[in-house]
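A.B. asks: My structure is below; once you've seen it, I'll send some questions.
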């Protein structure tokens with residue numbers, strides 16, 4: 001099932017549980033605005049090339065829209081639509097005053113030079129500058145984009161609107177980026193994991209973890225789990241998978257990956273088939289890579305007791321049912337990976353105030369938001385007698401529906 005179908009299904013289920021009016025339900029599903037623009041740039045050799053850029057703005061009932069910009073050759077409109085919608089529910093679950101958006105450009109950033117990427121980013125910003133803004137829509141980095149991309153957007157946007165550091169988040173620190181943003185999603189995953197384990201009288205220390213994906217989120221999560229006494233027994237990324245039943249030395253692995261750009265042939269662990277990673281023996285499984293990796297084919301063989309969804313939509317709805325019947329506790333993506341957007345919110349707040357925080361304050365506030373969101377989800381689970389995924393969806397959808405109704409959507 002694709003991301004959009006799965007997200008819509010979860011939304012409709014939550015709407016049924018909440019008893020939402022059918023007209024309101026339909027209104028909440030339809031995006032507020034879809035933007036599609038043509039971006040033509042001169043390449044370094046002087047030839048002209050055109051790309052299609054787009055931005056889907058899903059909902060702004062609770063505040064400005066928020067979401068990443070990705071540069072990827074296969075940008076699927078359905079997937080972007082689903083991700084924009086997920087951002088609406090995610091920001092509501094975290095209780096930060098945003099709605100959802102998502103966008104990008106259909107290009108392969110690896111095929112473009114730095115100067116070509118800069119020109120493309122500036123042209124894209126020129127096309128959408130009057131549709132984004134500090135109190136309208138605040139982009140952030142996503143696949144294929146980074147802090148430098150945000151710096152170019154900020155500079156181009158400021159030519160039209162004056163110095164506006166709060167127009168994007170995930171910026172370089174020197175241009176008003178927040179301390180703690182780099183580790184935010186991984187740290188949020190760890191706070192979320194602590195919350196759910198505490199519910200079962202357990203803690204990270206001494207538990208066995210398997211982590212799929214060793215990019216920004218996976219590597220930070222692994223490091224922080226290792227620091228808290230957890231045993232990471234297997235990890236994987238696009239270069240391969242490794243395991244060590246006694247626990248991998250994560251600081252050594254991070255140093256190895258830094259110098260070799262690969263997990264292969266790391267001395268402190270044995271290589272394994274990446275396809276076996278998700279069904280490897282462990283207490284906690286953390287998928288940090290792609291969507292749809294846990295499906296009806298492998299769900300029955302998953303040995304973990306807890307799954308923490310650090311990736312977007314890693315578990316198919318069919319797998320959800322199989323795992324629930326086995327008693328596996330799944331912490332849903334719209335809560336588990338909300339650390340990134342929460343610290344993006346802190347960055348935006350700091351920029352608007354013109355007053356920057358210490359990293360300790362950023363992390364302390366993140367912990368408070370993640371723990372509070374978990375307790376709010378648990379309360380919804382008790383009221384509606386549902387699992388954590390529906391607890392999170394009902395919490396998010398209910399907050400957006402209430403804001404929409406209070407603003408008078410039928411007038």
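Placement of Cβ uses the backbone N, Cα and C atoms for every residue, glycine included.
According to TrEMBL, the record shows the following:
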- 102: active site, proton donor (ACT_SITE)
- 66, 90, 344: substrate binding site (BINDING)
- 185, 216: NAD(+) binding site (BINDING)
- 142: site 'Important for catalysis' (SITE)
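Just tell me what is around each of these and how deep it sits.
C.D. replies: Contacts of residue 102 (active site, proton donor) defined by a Cβ separation under 8 A and a same-chain sequence distance of 6+ are given as 55, 56, 58, 67, 68, 69, 70, 80, 81, 83, 84, 87, 142, in order along the sequence.
A sphere of 10 angstroms centred on the C-beta of residue 344 (substrate binding site) encloses 27 other C-beta atoms.
Taking a C-beta cut-off of under 8 angstroms and a sequence separation of 6 or more, residue 185 (NAD(+) binding site) has the following same-chain neighbours: 216, 217, 220, 310, 337, 339, 340.
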A.B. asks: Tally every other Cβ atom lying within 10 Å of the Cβ atom of residue 142 (site 'Important for catalysis').
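C.D. replies: Neighbour count, Cβ to Cβ under the 10 Å cut-off: 20.
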A.B. asks: Give the sequence-ordered set of same-chain residues, not counting 66, 90, 344, with Cβ within 8 Å of the centre of the Cβ atoms defining the substrate site.
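C.D. replies: Sorted by sequence, the hits are 67, 87, 91, 94, 96, 98, 100, 140, 338, 340, 341, 342, 345.
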A.B. asks: Taking only same-chain residues 6+ apart in sequence, whose CB is under 8 Å from that of residue 90 (substrate binding site), what do you get?
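C.D. replies: Once residues fewer than 6 apart are set aside, residue 90 (substrate binding site) is near 100, 333, 334, 335, 337, 338, 341, 396.
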A.B. asks: Among 66, 90, 344, recorded substrate binders, what is the largest CA to CA distance in Å?
C.D. replies: 13
